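Summarising the annotation, Swiss-Prot assigns heme binding site to His128, Tyr132 and lists sequence analysis as the type of evidence. Taken from Swiss-Prot, the feature topological domain 'Cytoplasmic' covers 1-8. The annotation topological domain 'Periplasmic' is assigned in Swiss-Prot to 30-160 on the grounds of sequence analysis. Annotated transmembrane segment per Swiss-Prot: 9-29, in sequence order, evidence recorded as sequence analysis.
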Amino acid sequence: MNPRRKKRLGVVLAILFGLSATIGLIIYALNQNMDLFYTPTELVYGKEGKKPEIGQRLRIGGMVVEGSVKRDPNSLKVSFDLHDVGPSITVTYDGILPDLFREGQGIVAQGVLVEPTKIEAFEVLAKHDENYMPPEIAEAMKKTHAPLQYSQEQKQGSDQ
């Protein structure tokens, strides 16, 4: 190989190495910032056959269970249970809760799964009013909780 070809080969290899390193870093960054959305039922039973792993970042939406809010009197730590129509999960949060946060209201929490049914949240968002439901919660609840289907025998039995 003559010196000109060696130099050209070196430049091409350097460009390919830089390009592959850039693509690898972009994919790594996207994977680190991807937060999957779950309802409490999907978190407990799995979503499309897969359960989230401990340490995974995720978003979870549901209703705050009445009587489940526990506040630490010496700090801003708060713990509460979240449910949809299935099992409930525990969310812990260290910070100031939104003004609209209260028991029986819908919220979306973003955090890390620390136990199979416990999330350590770093952000809690409350819904706007009693009629509002974030589109992703409504869609997830529609998929997970199909309306009850009654057979003809069941329908006839209820008429008697």
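These residue numbers are counts, starting from 1, taken along the chain as shown.
Note that Cβ sites are derived from N, Cα and C of the backbone, with glycine treated the same way.
Shown for the topological domain 'Cytoplasmic' (1-8): DSSP residue counts in helix, strand and coil, namely 6 helix, 0 strand, 2 coil.
Summarised as a single figure, the pLDDT of the topological domain 'Periplasmic' (30-160) averages 81.
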